């Protein structure tokens, strides 16, 4: 089976925008769910709703893939699953190493969704000598001294960093020097990498802060709406006459 070193997705060479690439996994997840239910075709409106995007944007995204659907029928679900999987490079095996096997790293190692999406956890690596040899998700943890040999021996091009912030840059440098060209960073720090290396940062605390912002805004809108009700009632009361009736408008 081919490995991540032998092929890279064609999305860049075909000029597919990064925003479109970021939405392709959303479409693939929705399409996979439809495929599992043996749904043969899907309209752009139905798929857009399932993926949580605008249908016009979905049609534009699919035009980059050369998929325009059939009027009155929609899109072929199985073909789209294959087409998007191919664009994302998921029709081959991608060996991945996870560095930092604390609580987060162990949780990532135990995540079953990697294998079903074409990502094979080739190795788990940690700097703690006491962790060496201990199995996590059925994979023995290896010491960071073995990092370069592990990368080379497994043809790894994707690395996951789940270390403390203080160790992340050094780990990143070693991964890149060993040949890793794509990094998923869970450490709460910004990594510096050379040209040609892609980094995707996942910061759960930032995502929670964004949710807190939206919660605060919703609370403010609700408070403003509740304050508007008494104001409207006061105005209505002021408009009424001494007997509680609204005065008639006299003709000019």
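Each residue, glycine too, has its Cβ placed from N, Cα and C.
Note that the structure is predicted; figures quoted are calculated from it, not measured.
Copied over from Swiss-Prot, here are the features:
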- 26-65: DNA-binding region (DNA_BIND)
- 100, 101, 102, 103, 104, 105: NAD(+) binding site (BINDING)
- 222-252: region 'Disordered' (REGION)
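Features per Swiss-Prot, on structure.
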| residue | record | Cβ neighbours (10 Å) |
| --- | --- | --- |
| 100 | NAD(+) binding site | 25 |
| 101 | NAD(+) binding site | 25 |
| 102 | NAD(+) binding site | 13 |
| 103 | NAD(+) binding site | 9 |
| 104 | NAD(+) binding site | 17 |
| 105 | NAD(+) binding site | 23 |
Taking the recorded NAD(+) site as 100, 101, 102, 103, 104, 105, identify the other residues of that chain whose CB atom sits within 8 Å of the mean position of the site's CB atoms, giving them in sequence order.
98, 106, 107, 108, 126, 162, 163
Could you tell me what the rest of the chain brings near the DNA-binding region (26-65), counting residues at least six beyond its ends with Cβ under 8 Å?
14-17, 20, 73-78, 80-81, 83-85, 87-88, 90
Can you give me the average pLDDT across the DNA-binding region (26-65), rounded to a whole number?
94
In three-state terms from DSSP, label residue 102 (NAD(+) binding site) for me.
coil
Is it possible to list how many residues within the DNA-binding region (26-65) are helical, extended or coil according to DSSP?
30 helix, 2 strand, 8 coil
